[in-house]
Amino acid sequence: MRVDGLHIAQQRVDAGSAQLQAQLELQAGRSGPVQVTLEVLGPDGQKVGQFTQDAVVDPGQNRIDLPVRIANPKRWFPAGYGAQDRYTFVASVRDADGDSQQIKRVTGLRSVELRREKDKWGNSMEIVINGIPIFAKGANLIPLDAFPSRVTAERMRSTLQDARDANMNMLRMWGGGHYQDDHFYEVADELGIMIWQDFMFGGAVPPYDVEFRENTRQEAIEQVKRLRDHPSIVLWCGNNEVQTGWENWGDRVKFKQSVDPEERSRIERGMTTLFGTVFREVVATYDSDVPYWATSPGTNFDGAADQTNDGDMHYWKVWGGPALPVTEYLNVTPRFMSEYGLQSFPDMRTVRVFADAADMDPESPVMRAHQKFDKGNGNKRLMLYIRREFGEPKDFESFVYLSQLMQAEGINLAASHLRASRPQSMGSLYWQLNDVWPGASWSSVDYYGRWKALHYHARRFYAPELIAALRNGKGQTEVSLVSDRTTPLQARWRMRVMGMDGKVLSKREQKAMVKPLSSLQVGDFSDAQLLGKADPKRSYAVFELLEGDKVLSREVVFFAPAKQLALPTAKIDTQWRADGDGYALTLTSNNLAREVWLSFGELEVKVADNAFDLLPGEPLTLHVSSKLPMAQVQAALQVRDLASTLAGAPPEPPEAAAAK
């Protein structure tokens, strides 16, 4: 006798009880009676139940099902909505000879629903956990390394911890990579990171023959059975971009034109059969607790892919294709945005790992070799977006810094818009969280785990409470208050128009009650309404959401591209003191210091915040984690801001202006 597996099927889970079925798989060499005992341990390790069942097994594969009921279960919740409680199920099987085998499974109890309902915007798409509609805040995950054997348990944990620390609650496991190790999902369970799990089909149209289909069916069965007891997995998805590629990509369109209609029909039928039927059957059979989605982006094969009013969308008209300005994000409100992104270069310490001083040029062979989008002239595209907002970088380090600001501010705008659009939109998964190797890419954390400006911004725009102040290309600013709380938020919001020296030119403040799990629009202002007679190049607006005296969220709005602003030189004073495992650093500025970036040369020092706007006369204290002596950390500190970076920048070349 050999025990092969134990699955805890969650038939019904709510606050009052969990109706479960323990499914035990075992191989028997001969027929005979067995006794199965299932012991259930609660999240605190205490025994909460024991269930026993007698059965008779036949030679070969057997499955024994035990009904299990747990009263008042401690349920598993995504990060930000409750605890990540998990139960331990220990099954023991004893045969007539007294031989016994044991198997253990740890899982969290929760209900999962993919809610799709007709509404005034089309068809909704939202993940509902334990009855709570969750706005999915997160990113896409690619393989953690070009060589999977180099990935350690520590690397998996740090990657997931980076997501949690940025207030993310979901990662999409991109179908162009590979299935992660068991340990990865165990940590996701622990941290409350929901996983959107693609099957590993990354855009290629699959063969339609029966042999291939049945082979991939077995692959899907194996992966579903391996991973199904992880509460973090809340959605199985058939593939990444197979349908949208077939419908829209140039090479696929050309291929379709080159084959006869019958062959084209066979290919399409093979695609919809594999992803619309076969994988759906696998999930329904082996993990019926979790919903299935046929393709991303898509409408579950209810129509064309990439629709704003139905299903999920991958939006690439910003950065990709026509390279539209980032304000175009405000004109797109899909039901669930599962891909969108902008590139940047990694931390200079990372760049220096693969490049020498002579290579510090965006178009050098080394930099192009480390550009993930070199086929699309990625570094030229980066420069296009940098020039639109910031003008011409004066040196390579300025280029790297500005690339990160461009990425951070663009994705900040998009993610804040999506959250402010709740419930029309219920998901923001930007492309991408991590890197597979060092280089320029769409990631917010580079290959060595160093946070880019985007990741610091993500922690703010994915915070549980958000003030979204969204200025479009026509000079109109829409202000919304967003709350992920499951209880009402009694708050107030404040707007100050200020000069660069901190002088308050105008001010308004209002109370607001934000309903649970909602977004509340509180204002829509033209530049003229906000500025009055103030100079748009020497003024800015500070929007804040407050609870009592605590600032929950802040957004600073500018009225012209950074390259046109009269940003003064900021004198930033620093004060240090010992604090826990490191130091407390207090920063004070006499003028607005925009997008302050703290670095420490080659020292590996972590700061609690970075890429922030430091308002004049308003001190900011943040924690600096380091075991090095204070004097060494102080001496290494370098403070960069936007004004000092743009000072002395050369004019843009004529061809750059023409390209816009």
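Placed from the backbone N, Cα and C atoms, the Cβ positions cover glycine too.
Worth saying up front: this structure is predicted, and the values here are computed from it rather than measured.
Noted in TrEMBL for the protein shown:
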DOMAIN    2-110  domain 'Glycoside hydrolase family 2 immunoglobulin-like beta-sandwich'
DOMAIN    126-270  domain 'Glycoside hydrolase family 2 catalytic'
DOMAIN    476-563  domain 'Mannosidase Ig/CBM-like'
DOMAIN    567-644  domain 'Beta-mannosidase Ig-fold'
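Taking the domain 'Beta-mannosidase Ig-fold' (567-644) as a whole, pLDDT averages 97 in the prediction. With DSSP states grouped into helix (H, G, I), strand (E, B) and coil, the domain 'Beta-mannosidase Ig-fold' (567-644) comes out at 10 helix, 37 strand, 31 coil.
When the domain 'Mannosidase Ig/CBM-like' (476-563) is classified with DSSP, helix, strand and coil residues number 7 helix, 57 strand, 24 coil. Within the domain 'Glycoside hydrolase family 2 catalytic' (126-270), the DSSP-based counts of helix, strand and coil residues read 70 helix, 28 strand, 47 coil.
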